[in-house]
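Inspection log for the structure reproduced underneath, given as structure tokens.
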Amino acid sequence: MNPYILATLLFGLGLGTTITFASSHWLLAWMGLEMNTLAIIPLMAQHHHPRAVEATTKYFLTQATGAAMLLFASTTNAWMTGQWDIQQMTHPLPVTLITLALALKVGLAPVHAWLPEVLQGLDLTTGLILSTWQKLAPLALLMQIQPLNSPLLIVLGLTSTLVGGWGGLNQTQLRKILAYSSIAHLGWMVLVMQFSPALTLLTLLAYLLMTFSTFLVFKLNNSTTLNTLSTSWTKAPALTALAPLILLSLGGLPPLTGFMPKWLILQELAKQDLALTATLAALAALLSLYFYLRLSYALTLTMAPNNTTGMTPWRFLPSQLTLPVTISATATLLLLPLTPAMVALLTI
């Protein structure tokens, strides 16, 4: 892709998210979300592969439906209450509609079915943008309207954690596994959003960090399926040894960084007398942990067949930049001892 076009599209992505962040009017927020969608569509279809074009079409239709619902609900709210301010949502009907529209845009269950299919058709770089940056603007709007729809958010959060756990169990495609992982993590964020928005923000930051390092490891290994990942130890043994630890951090296993947000969220749910919700969320986390363990088992405890793909290739100097994956993987694995400092920051 032409670097000028690429720079323009990335600028459009940043500008759309920034407009949504800064807006207090529903029309401005809607405009930012639309700019975001229109900027990423050429990035998704840039390879001109039928699977990429299909994923782009699915993404466009889904996002257009979510945007239309959002515009309809905000117009309904203006008609019923006479104002467009995001912070002044009072009527439950437009609040529910807007919550469902934002859930559709971000990929929360039960309106999640587009996310694994779309992510499967993209390359890893665009999939990383879709899994991280594209979640920010809808989540910012959800956090602004969350005090009014607590039962709906708990239902969406629990459904997402369960669906994200069940859906990834029998997958062999790494991008689909990461899509279901995204659904499960979003469920954890939404579950605690109304009780502690700062904790939701911490969970989002941890998720962005872990997903960034996971995508970078898969990209450096050039792996998109479980088989290619499990035979990558001959090409990059250090990176392949690091991959299971990063995946287990995504699963929330102590003593890795991913344990911190889950631990704090379960603690917060217990404080709010939601013992059953906390129990179901913890059991759903075990489902997610199972398929991360499955990936880790395939990486470390199985022997690749000694055919052409299993033989040690010639070692060339690495042509890709490894500093970002080094920094993000270190943070993904070693930030758990900073939990008291994080809790202190949350209570300020």
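Note that Cβ sites are derived from N, Cα and C of the backbone, with glycine treated the same way.
Whatever TrEMBL says is automated annotation, not expert-curated.
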Among the residue ranges 128-145, 236-253, I'd like the one that TrEMBL describes as transmembrane segment.
236-253
With the transmembrane segment (148-169) as the reference, which stretch in 92-115, 190-216, 236-253, 274-293 has the largest tally of C-beta pairs below 8 Å?
274-293
Top partner of the transmembrane segment (236-253) among 92-115, 190-216, 274-293, 321-346 - counted as Cβ pairs under 8 Å:
274-293
Please compute the mean pLDDT of the model over the domain 'NADH dehydrogenase subunit 2 C-terminal' (289-342).
76
